[in-house]
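Per TrEMBL, the features are:
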{"type": "BINDING", "residues": "Cys83, Cys88, His165, His170", "note": "Zn(2+) binding site"}
Amino acid sequence: MDSCTVNSCGNRSSKTFKPKKNIPEGSHQYELLKHAEATLGSGNLRMAVMLPEGEDLNEWVAVNTVDFFNQINMLYGTITDFCTEESCPVMSAGPKYEYHWADGTNIKKPIKCSAPKYIDYLMTWVQDQLDDETLFPSKIGVPFKRNFMSVAKTILKRLFRVYAHIYHQHFDSVMQLQEEAHLNTSFKHFIFFVQEFNLIDRKELAPLQELIEKLTTKDR
């Protein structure tokens, strides 16, 4: 297993696709993130994703959702030179799965677009949700909205599609860059987390089902 912690690793390019979303130091969420990093360092991902005793589930999901956004942001940032309008004219995850973009507000009817365009829409949309204080409150004592969990599920479902695209269309580039251990560790952490709290429907995970089984069976 790759020994990278959540936010740092050796000589990796620090190029991100979108600006990194920071959790304010000194906040309770920052403490939760530090807890997650410490348990991740132990190498036991099944335990690392479990809700810490006495903590609020919404807050735990919020902190981890921000962290996954940052991880995927960095991973996709390393391969943007290979994911172009020419190389990826549609947003796909292998020959059987193609994604069309709609966000329900600016673009109501799903549109077919290139992978870089789709991922730009997707990451911008996620960023807007994370920056919305009513959805992702950063201040202690501010309650989460009733629809928080359904928004978090949509964010995670869409972030999964970036992993799926990278694995299906750009894994050769990832290997060239010697990033495969980092990608696998990040994705395994993501999958264990969404499985622990039932955050993504099984049918949505179908494009990477074989890989998911391979990565998770070792830890049962």
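For all residues, glycine too, the Cβ spot is worked out from N, Cα and C.
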Cβ within 8 Å of the mean position of the Cβ atoms of Cys83, Cys88, His165, His170: remaining residues of the chain near Zn(2+): Ile79, Phe82, Ser87, Ala115, Pro116, Ile119, Ile166, Gln169
The one of His165, His170 whose CB sees the fewest other CB atoms within 10 Å, among these binding-site residues: His170
Cβ-Cβ distance under 8 Å to Cys83 (Zn(2+) binding site), same chain, at least six residues away: Tyr76, Ala115, Pro116, Ile119, His165, Gln169, His170
